[in-house]
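First comes the structure, then the notes that go with it.
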Amino acid sequence: MAEITVGQLAQQTNKEVDALLKQLKSFGIEKSSEKDTLTPTEMKTLLEKINSAKNTATRKKVTSVKLDGKHKINVSVKRKRRVAKKVEQQESTTLEQPQELETMVQEVSQQVDIVKEQDNIEQIVENKEAVKVQEQRQAEIAKPVIKDSGFKITAMPEIKIEEIVAEDDEGLAASDKQAKKKAAKKVFSEAVNTNTKYKREEEEKKSKAKKAGGKGFKKANPRQLSQLAGDLESFDEFGAKKGKLKAPKVKKQEFTKPVENTVRTVEIHEGITVSELAQKMAVKGAEIVKVLFNMGVMATINQSLDQDTAILIVEEMGHKYTLHNENALEEAVTIVDRSSYKKISRAPVVTIMGHVDHGKTSLLDYIRQTRVVAGEAGGITQHIGAYSVKTDKGSITFLDTPGHEAFTSMRARGAKSTDIVILVVAADDGVMPQTEEAIQHAKAARVPIVVAVNKIDKPEADPDKVISELAQRNVIPESWGGDVMFVNVSAKTGEGVADLLEAVLLQSEVLELEAFAEGLAEGVVIESRLEKGRGPVATVLVQNGNLKQGDNILCGTEYGRVRAMHNDLGKKIKAAGPATPVEILGLSGMPAAGDEMVVIENEKKAKELAAQRSQKQKEAKIAQEQSLKLSNMFNNMGKEGEQQVLKIILKGDVQGSVEAIRESLLKLSTDEVKVDIIASGIGAITSSDVTLAVASTAVVIGFNVRADSAAKKLAETDGVEFRYYNIIYDLIDDVKKAMSGLLSPEMKEQIIGIAEVREVYRSSKFGSIAGCMVIEGVVKRTNPIRVLRNNVVIYEGTLESLKRFKDDASEVKKGLECGIGVKNYNDVREGDQIEVFEVIEVAKEL
């Protein structure tokens, strides 16, 4: 039994300290103040004095409460009463002294303290279901308290839990407070009607003292005992409820964990971040980072993801997804209703393609000179990129693109700008690699081909060879039963040019090309450039509708109002119909070749849509770059410094040329050397380009442009060299050479001589000396050697000595005898071969 102070005992029994000190003194226990402690022996003496002073009868009752199939609680209840006088109802009793209630409450409190002091009490896990069952059972047991008309029951039952049995050491939570109060009153009423002998009371006292030592409380739950004591103390000496003292409430967990995972529908937009995706799925960002890591992608919670990656994550985590329609504004603005308009026939749009030096440019020049009015022949703007040719049977629109690279980018953007491809093949050269590539591009775009066999005026021309080579590549001429027209032409003499144009018009009739001539205009950007005094200039091919001066247009991420329009002859015009190439001024910037051009009635919406497109491009670019960097992080780990980088600053005259060169240079990158275009633009090379080149150690390349005076002065000071080109193929070749110079040289072994061992001499001073005959090349003293036996290498090392007769020799040539001493090797035998080699550096090539 734990020690307790007089003040604590007075507080537990609700008595004044002075009154308690007097009562202790009457029992022979001398205490002077409330801070004095009561030993277990004194407490035992106090209990015996109180019990011996009572003229009472006792009764003990043991009940068992089952919670479920495995658990139960045994409760032992001892009740005491004293009959003051007889009444009509035998159940009614009165207390002998009010102090009995205090004594009983004191005993219960002491017993609770005993339980709390046990070191081996095991903490029992609370079981919510067991608590519910216990509450239901106690509610069934509890009945209304007996009331009589004449007297009140003033005696309080003294309750002691003798033993709590909990199988598997699983504890049970404390029962509800109200149910325990009712149960206590019910037990008391049962004790009133019980007649117990004095002898049995004495036996119960002994059992009580024995179990108070701690044996009966090994598996008791202190929380339950303290709550029972608190419930008893909440009644006063007359059985009424006290208002101030309240038993502590048992905290219950109100959240119920869902049995099944909630499936959510996640709306995914382009460039969604990891944190946004986690918030929409109601998970932590670290879980999504973990899923990405398992997919081989390293990411942070603030990183943007592309839609495909976000879809994989949502599906991996068991949710559904919907794609956000970010093109709602674009569809509402750009889609034009043309149901009330009629279609008319339009001129075909033709692109001339072919291998370099096959006469493509010469053929274009001849068509320009012969099919344009003589007075206007020299007035054609060379950079317009598109022009119209009028014939007796109709008009033809030619596209003068920078090459097949730009044509490929147009097809990739989905701009249906070309109707027919004229494939130029030199009769004296035949099919070349770029010819094959042009065929593949045309077939991929499903565009019909008209073959122009050029240079037939040369003596070595062989048109039949060209037909045979193209037939092997599935380009079958009509004369062989195919559907491809072949026309023999000469760009120098003009032979066959009229037949070529007639074949193009015939092919266009078969295609039945039509377009809308009314309504808002639609088209495609052929070329764009920046001109001094005019600003951004774009060459646009109108495909549908009627483009007028003053219209609000949107070209990719650029917008503006058409301030002026010029046709292919450089004349100002007010309107342009389908299949008409025009130059327009007034855009906010330079659009990319292949961007769609649309007319929008509301300038505010055009500006808003341009900003939206620009933002989407930036987000997509950032997401793609981060995906590429992070996906290659593990592969590049530990390989830093192995891959060389050639940094280039590219400036060109027109947007199409810059894009074509950029794509061609990026394709040159290999595992050892990478081409990195850190900046590109249109216009002259400026001082800012030179400053950037110095800071990043980059090469400055100009295509059909030159550096201004300020840039030249700065370049001389900083030692920056400019490289100017006007032919794309020369530029690519020089870049290849520069990349080859960055490659690490390759080490190769070259055998320079072989000596055959004819005889072996043993020397105590020099070891084994091989007498050899040089049968091939030359044997040098300083070069490494290999010893071969039966053409198998058995040793590799260096020469220790090389002698000719008795003199040292630096080298011995073929057909001469010599003595060779191999360093650190004495097992040279007759018939072996000594192979002499040298290691040389060989420059790598791409």
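Cβ atoms here come from the backbone N, Cα and C positions, even for glycine.
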**Q.** Residues flagged as region 'G3' in Swiss-Prot, choosing from 68-71, 400-403
**A.** 400-403
Q: Look up region 'G4' in Swiss-Prot and report which of 54-57, 178-181, 454-457, 670-673 it refers to.
A: 454-457
Q.
Between the candidate ranges 59-63, 379-383, 389-393, 544-548, where does Swiss-Prot place the region 'G2' annotation?
A. 379-383
(Q) If I go by Swiss-Prot, the feature region 'G1' sits on one of 74-81, 354-361, 434-441, 826-833. Which? (A) 354-361
Q.
Please compute the mean pLDDT of the model over the domain 'tr-type G' (345-512).
A. 78
